[in-house]
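Record features (TrEMBL):
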{"type": "TRANSMEM", "residues": "43-69", "note": "transmembrane segment"}
{"type": "TRANSMEM", "residues": "81-102", "note": "transmembrane segment"}
{"type": "TRANSMEM", "residues": "136-162", "note": "transmembrane segment"}
{"type": "TRANSMEM", "residues": "174-192", "note": "transmembrane segment"}
{"type": "TRANSMEM", "residues": "245-265", "note": "transmembrane segment"}
{"type": "TRANSMEM", "residues": "302-320", "note": "transmembrane segment"}
{"type": "TRANSMEM", "residues": "388-413", "note": "transmembrane segment"}
{"type": "TRANSMEM", "residues": "433-466", "note": "transmembrane segment"}
{"type": "DOMAIN", "residues": "505-615", "note": "domain 'STAS'"}
{"type": "DOMAIN", "residues": "689-797", "note": "domain 'Cyclic nucleotide-binding'"}
Amino acid sequence: MWSRRKSIARSIYSTHYTRETPAEPKEVIPTNPIEFLKYSAQFLPAVALGVILNLLNAVSYGFICFPTAHPIFASFGPDGISMYLVSCIIGQIVFSAGGSAFKGANAGMMLEGSLPKHFFSCDIVIRDVGENNPKAVIATVMVGYAVATIFTGLTFMLLGVFKLGSLVGFFPRHILVGCIGGVGWFLFQTAIEVSSRVPSFSFSPEILKAYFEPAVLALWASSLGAALLMRILQRKIQHPMFVPCFFLAIPVFFYSVVFIGGWSLEELRTAGWVFPLPESKPFYDYWTHFDFSQTSWKTLPSLMPVISALTFFGILHVPINVPALAVSNNQDNVDVNKELVAHGYSNLGSGFLGSFQNYLMYSTSTLFIKCGGDSRVAGMMLALGTTIIFLLGPTMVGYIPTMVVGGLIFHIGMELMKEGIWDPIGQVDLLEYTTILTIVISMAIFGFIEGMFIGVVLACFFFVYLCSTRRAIRASLTGLTAKSTVRRPRLQQRFLNEVGSMIQVLRLQGFMFFGSINGVENTIREVLDARQWAMNPIRFLVLDFQLVQGLDFSAAEAFVRVKRLLKNNDVYMVVSGVSADSDIGVALRAFHIWGGFDDPHVQNFQDLNAALEWCENILLQADYLIRAALLASPSSIDIPDRYDTRSEISAVAASPRHRLLKNAARTALNDELHTRKSLAQINQPLALLLQIFEQTAFDNYEDILRRISVHFQRVEVEADSILWDQDDEPSALYLVEQGLLHFSVEMNQHSKVIETVIPGVMVGEMTMFTDQLHRDTLVAEVDSVLWKLDKATYDKLSKEEPDLVLGFVKIGLGFTAQGFVTMKRLAFALQ
């Protein structure tokens, strides 16, 4: 942990890091013994550095893996060092033997998070077994440590084998940052305990008084001063070797001062400046503490929360360290799932040998590789060197100044607190930073697991809050701006422009849940409010679910309330953008928010365009009913009955919105009577042309239409006839006198209807005028009567009567522009 990651943000969080690249080139290792020795010699500097780092980490962190302040574990510092080294050795062998894609990977014990949890495990065992039975306490703790490592290894293995490495990425990163800050505080207070030898850090007056006694203050203040001096110098000296060299220089400086002062080692040990000389213990001493006959097996289940937390926090390292090391090492052939399997083997091996969890260390691996250790041979040499240190035994602890260990722990603690508390400022929002601070404070007051739990709860709460503040309504439109793509004659367009406000469209978005549905419900209530209703009474509420990813039980129940509210106000609930077999469709059908449940007030359509077309047709049918009552005469222009509208017509005619409909119908009737009168003596297709282009701005348009009309031919087409296919050459344009047609396009090997054509309009003019291929297919839905101007006639007229064709093209483009406006409005509505 020498050049600690500067920020969590630097790490690459994507666990899908596998790339389709060639396998890494195999390392060519000489088989000749002499050549092999020469080849290995080049790695000696990197191996020496790696051994020193492992030794310093073992002395610093292995020594505090047991609560040595407690009498039962007072002599367990050397055992912790041995266990730390075993964990490093096993992990190093697995990674260097080919388990990892990184040839220079360095293994080490998991530090952030594991140290406080080991202390919690000891506390649980002591409380459950009792201090009067130290053998059972020790045996149970040792088994608990080993079980935690084995459990972690199994978890790594399963995640890698089933390729579930991406699951780890779903853990909120700001909670991880808060945990890192909490671990930093834990290490900071541990450094005070280790340096001062005052157990059980707390803010009680008695403990604080003990810490500030002159002799004790000098102990931990010197360690803190060394850490602060190192951090100050590190701003000026940023060489990767500076930190290890600094802490290696402390013993030299310390013993130089001791030599000058003439103090003895016994005096220094008594005063706390040097660690006590441990009893002569062999390297295998910690294995002698395993005694299954003394193990309290009933206590192990109570350790599962701590073991689960150890595992959970441990598996977060791989998706962070592996991609980050790949980027630093410019290495692409990295599979996170393979790395997880390697971590499974290394932790299973370490666990069955009774040691701690291990993982691939980003910082030491980077340093090792930069110093020339990018080789599997170098990794094996590092494992061998660490094994030699392990076999020598932990007696060296009795000669290490407490300033070295305390300063190193202070340094890492401050670095983690900086990373967890200071670095996120400006990188996360206020709510996330509040969560981070709460986690750190909770861990300092209540404990590590409690702090993490509080952080998860807060993250869930803030997630709900943030999602609920996002607008669930993407757009609110009326039928004046959101219109269907049906090509309608002028009279129908004018009528719909007057009554289009009776159609209200709400485009929903995101995931509809209990936190966001209230905004939707309140908006609908505002639309139905008495004052709003007086200004704009609606008949249809279209709820478009096209952009909705899902909805929960609370949202579905809210739509039931909306359905009831709309029915009481005689408003139709029109659902669009949902298929019956989708998750949203299944949920809506389960609550009878779907057409076909004997409730005509609920309708559903595949898309928004179809829903708008249905609403417009209902209004037009009501228009003709009212006009029939006024005139006792049917309309001259048919409305295609694509949907069953008989029950809706009578309901509309009897609704409170009747006045608005009646006024619009009267205006439309007057227009139609005028048009009917003016066209009464005119034959087809001229009458149809004059009706279609009635509002054109050309002064002589009637003369142009009269001259061009003689070139149209009457054709009758049967239902399902194809007038042209997509990508066909233009062959004719048509005037629709009777029937119903539609345009469709091929999308994903399926045909989708994009526009409906009814009597009183012209089709095919754009491809004819521009001589481009058809971009859609035109099909007759029912038997239809059309008037056709074929391409040959059009080309002939273009040569013989260009002024006539030019005038007709201008008139036709003016008609087409109206359709473009409608399409553009719908396109903006669908954004």
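Glycine is treated like the rest: Cβ placed from N, Cα and C.
Unlike curated entries, TrEMBL annotations are predicted automatically.
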Per the definition of 3+ C-beta pairs under 8 A with sequence separation of 6 or more, do the transmembrane segment (43-69) and the transmembrane segment (388-413) touch?
yes
When you look at the transmembrane segment (433-466) alongside the transmembrane segment (302-320), do they share 3+ Cβ pairs under 8 Å, ignoring any pair fewer than 6 residues apart in sequence?
yes
What else in the chain is close to the transmembrane segment (81-102), if you only count residues 6 or more beyond its ends and a Cβ gap under 8 Å?
24, 54, 57-59, 61-63, 65, 108-109, 145, 149, 283-286, 325-326, 329, 331, 333-335, 338-339, 341-342, 345-347, 349-350, 353-360, 365, 369, 376, 378-380, 382-383, 386-387, 389-390, 393-394, 397
Residues of the domain 'STAS' (505-615) by DSSP state, where helix covers H, G and I:
49 helix, 29 strand, 33 coil
How many of the residues that make up the domain 'Cyclic nucleotide-binding' (689-797) does DSSP mark as helix, as strand and as coil?
26 helix, 43 strand, 40 coil
As a test of reading the model: what is the averaged pLDDT for the domain 'STAS' (505-615)?
86
